[in-house]
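Student: Taken from TrEMBL, the feature domain 'CARD' covers 3-88. Annotated repeat 'WD' per TrEMBL: 643-684, 686-729, 730-771, 821-862, 945-976, 986-1030, 1031-1072, 1073-1114, in sequence order.
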Amino acid sequence: MALEEGARSCLMRFRHRLEEDIKPQYLMDHMISDDVMSGDEEGRIMSQDQAAALLELLLRKDNRAYISFYNALVKELYYDLANMLHDDLPQISPNALKSSSDGCTPYVQTVLSEGGVPQRPVVFVSRLELLNQVREKLYRLKSEPGWVTVFGMAGSGKSVLAAEAVRHQGCFPGGVHWLSIGQLDKPDLLVKIQSLCFRLEQNLDSQSLHRPPNSLDEVKERLRFLMLRRYPRLSLLILDDIWDSTVLKAFDIHCRILLTTRNRSLTDSVSGAKYEVEVESGLDENKGMEILALYTKTELTGLPEEARSIVRECKGSPLVVSLIGALLKEKPDRWRYYLRQLQQKQFKRIRKSSSYDYDALDQAMAASIEVLPDEHRELYKDLTVLEKDIKIPAKVLSVLWDLEPEEVEDILEEFVNKSLLFVDGHNKPCLYYLHDLQLDFLVEQNRTQLEVSSKSSWQHYRDGPPISGDEECLYWIRFLTFHMAKANLSQELYSLLFSLDWVSIKAQIMGPAHLINDYVEYGPILDKEVRSQFQEFLSLNGHHLEQRPFPDVVQLALSQPLASEVYRQALMQAQDRARTGKLYFDWLNKSSVESLSRLVIHPHQGSIYSACFSHDGAKIATCGASKTLKVFKSTTGEKLTEIQAHDDEVLCCAFSPDDRLLATCSSDRKVKVWNVERAMLLRVFAEEHEEQVNHCQFTNTRRRLLLATCSNDKFMNVWNLNRPSSQNTMFGHFEPVNHCCFSPDDTYLSTSSNDGTVKLFQVSSANEWKTINVSGVFAESDEAVLVKCSTWTADGKRIICAARNAVLLWDLEANKKMADCSGHLSWVQRVQFSPDGSQLLSCSDDQTVRLWETNKVHTTSAVCLKRDSDVLFGDEEITVSAADNCNRLQVRDGRTGSVLFQSEEMSSRIRCTCLCRQPSAVALGQEDGTTQVLEVPSGRLLATLLGHTKTVLHCQFSQNGQTLITSSEDTTIRVWRWQFGEGKVLQGHKEQVRCFSLLSDSAADTRLLSWSFDGTVKVWDTESGEKLQDIEAHRGAILSCHVSPEGCFFATTSADKTAKLWHCESWQCVHTLRGHQDCVRSCRFSWDGRRLATGDDNGEIRLWSVKDGSLLKICSRDGKDGMDSLHGGWVTDLHFSPDNSLLVSTGGYIKWWDVERGEALQTFHPTGSALKRIHVSADFSTFVTIDSSGILYVLQRVV
């Protein structure tokens, strides 16, 4: 729209006067803000005679430019010049329909311009929710005068929001009048209100013009008169950037006012209705990106990575994003530079490039702090010690400031009101926090004070951290190390982090990931060796420390190496506590066992089907039966992201080569692709696989991104993410395909199947290249070998694969197995190398993820023992016999773990063993029915006993060592005079006889008790071979039996969920013990014969009275320990202490109980699980068992 002729003539008429009096630089700032002049035009004017050039430009502009120039004259106090131009202001009809680019009709636009309302910024994004809140509050002012306060921190966009709220105004036909206030003294305030009165009077007839008011009281009355009498129709006064309540009182004139401020409490000092709208400190990420895109005239998708980082770094601050956007508009190649300035807190470099009131970001923030009272300003500076993004309770600052909590709350309320602090009122007590920009500014301004403030925060807790569990406690537990490091208290930090007490406190309250993170973060200022000892302890025991009830940290630490500082502290504490009766157990032979795992995580409830490294090695993603996808830090196990990914079990997850994408596949037959950072779903492939999709894997290189999947339908598909259907299909397996993996150069795809093979396919042609027969490694087993997964080493020459609970390394050139490792308690589902090949990740049905040292796995794994074992306790000696994984019989020194004797590899699998003290011998029973007796330690064969036709399940020497008794799967028991090769057959059971027991230790008593899966108990005379009793004991299989110490009773337990007490004279059932909810697996009498303990397959232990069969106690009732059973597995063995006060039990782990109270006193967590039995010394001080990983444990009570 061209400039009206009247306005043009007015400019020409007064041109000479204007050129003489105006200072264009100040006027142009307002005109640029109103968007009627560009920066380029300003630049050209500045290089000429400025006043003449500005007027020449105005004559070529439109009506909006004339109105903006007029408003600029008023704002800069050129009242006489503005008066000359007023009569020729362009008039626009209220009925004009054509809207401008910002949605206003020309009439509204003119009304707002005359009222001094700033134009919409050149770059603008709508904040509709906030805008509607302001408009809704303004609408309420139609019915009565009052105040609408728009408040928020510096640079949050309050002024833009206020201007935008009236841009479509229909509420105020009397007009909208804008006044920018800022930090003013009284004379300046007087001038500002005089300017407003002048502007209002310009619209009235010339008769009503008065001399300017000379005092605040006089100007207040003039303004009241003008607003209420001269403008009787509804009008709105907007006061922008109010700092002081005394300023606000000058406008307390019973009219309608919208004000913007950093201090929400200002309107407390004035009368009338009051409404508030809080402006959030930051835009959401997409809005921030949109601003940068508009400034740089770039498509959103074309913005560099630094754009998102800039928005995140400043938490979406509208001011910062706009300042940087304007700078990038001029220098579009400086994305990285301005991001670096933000990260390095160089606020002075991010300087004014708009009409914002402050020259640089730091000045804007300093202005807010300078208005605080002196004493409060110093307290505010103390907030420098806080950590980013952390909310704190007032009690923490009460410690820091040494003030009463109530006084602190009042001060914090003042900070919140002035938008210098934020409050989370959803918590009780309230939590307070700083915006990142505020904290960065404080740190930059107060670097010299930082150490002093941090020291004062530490002083209060130098005698020990709080353990109350409230918000204050949680804060100090989490951030005490942070404050100590900031205070440069290296020695104190050393003492704290290397204290087992601190480990116990923090792990119980915060979990192990925060602790591990402390050792990683403060590693450079800590002793490297000791740090690695504590970090390794937490990494390997983190999954225990996350369980409830919380384990005894001292007991866990007693399993650490002898040279470890962790073990040294644990032993000292255990010895101290043992004096007060506390139970602790030292693992005597641990030096013979090496842990290959580096980190153990317990991320999901239920089985974990997949775990994978990001390509930068910094993250681990996991998924499983819980239907979720989770991402963790690989150094500490700290959780970063959690996504509800599928409607059914999530079977696999995989990172893309650039780590920006994660693929998942599921039993729901769908394949999904996610954005990692934003946890956002990008693609779904749901059509082609007909059964569950077991695995997905991206190519390793970015040049051509493909995704491979495999399924129970026996097919493998290769997908291009830009196409809806698969690019290629491969086939060749005869059973479901569990896993697929690209070779390092993406030439080959390896696939693993239930058919026991790993196949290699050429990706380009989809042809089969090679087959590896993994099932051949498990030739001794009749069970099917399901190959769960395979992965390549970095050089592409070797493949590592998982079958059952073993991890196998395979050389492709030699086509043979190189090594294996064990440690998982159940089937291994996935294995993957880290990017540099130094670590190996595996996950399992045992609910753990394990990180392995690859170079240790590559060497031949340590020999492991089978769980069927026997132990002899001597005065100072402990002798253990067991078969190893190479089917050799080993006899070991229990204290050191050293091998005393090792047989040759046997041709038939060893299934049981027993030791004889005199003569010194060991017996072993085999799967082919053979029993051998060997001399110890020479290994000389003393006897080979043939007779059983099936597996020998149990063997036992008599007290004098002259007789050996064996039982078998062939349903018979044989009593051997082994030195002569003679034996009697006890025949009568219909099913396998897994165990038996002599009725007493007396040589004169030759009676033998046997039990079987056929549900019967039989009593035999071992001398004559005669069957003395045949008892139909249970309807289900009998799982255990025990004779009371005095020989009066025996007990049986069964799969029918009952236990029974029997009399040894009448052979009648005395009591049937009911109450177990699962198979009753084990039983044991106390030494005084008064109690019977029974354990079931749900991990529950019950204590019964032998006298009347009543239930005395239920152990393990108070909640599960983390796996599905109360005891981490079946309760397989039980033993009472000689004084009958203690009970030890085995299951997934070992527990010791207080018999009277039925309470757990101590728990020992083995590396493996499924303990079969425990051998206990006569004085109840030493305990020997072997776990499912084949690790031998000789535990001795600490005294």
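Glycine residues also receive a Cβ, built from the backbone N, Cα and C atoms like all the rest.
Those TrEMBL annotations? Automatic predictions, nothing curated.
Neighbours and distances for these, please.
Tutor: Along the domain 'CARD' (3-88), the predicted structure has mean pLDDT 86.
Counted with DSSP, the repeat 'WD' (643-684) comes out as 0 helix, 24 strand, 18 coil.
DSSP places the residues of the repeat 'WD' (730-771) in helix, strand and coil in these numbers: 0 helix, 23 strand, 19 coil.
Note: the repeat 'WD' (945-976) comprises 0 helix, 17 strand, 15 coil (DSSP; helix = H, G, I, strand = E, B).
DSSP assignment over the repeat 'WD' (986-1030) gives 0 helix, 21 strand, 24 coil.
A Cβ distance under 8 Å defines the sequence-distant neighbours of the repeat 'WD' (1031-1072), meaning residues of its chain 6+ beyond its ends; these are 991, 995, 997, 999-1000, 1005, 1009, 1011-1019, 1078-1085, 1087-1089, 1092, 1094, 1096, 1104, 1106, 1108-1109.
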Student: Mind checking which residues of the chain, 6+ beyond the ends of the repeat 'WD' (643-684), have their Cβ under 8 Å from one of its Cβ atoms?
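Tutor: Counting only partners 6 or more residues beyond its ends, the repeat 'WD' (643-684) has Cβ contacts under 8 Å with 609-616, 619, 621-631, 690-702, 705, 707, 709, 711, 719, 721, 830.
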Student: Provide the three-state DSSP residue tally for the repeat 'WD' (1073-1114): helix first, then strand, then coil.
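Tutor: For that range the per-state counts are 0 helix, 22 strand, 20 coil.
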Student: Based on DSSP, tally up the residues of the repeat 'WD' (686-729) by helix, strand and coil.
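Tutor: Across the repeat 'WD' (686-729), DSSP assigns the residues as follows: 0 helix, 21 strand, 23 coil.
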Student: Could you count the residues of the repeat 'WD' (1031-1072) that DSSP puts in helix, in strand and in coil?
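Tutor: Secondary-structure composition of the repeat 'WD' (1031-1072): 0 helix, 23 strand, 19 coil.
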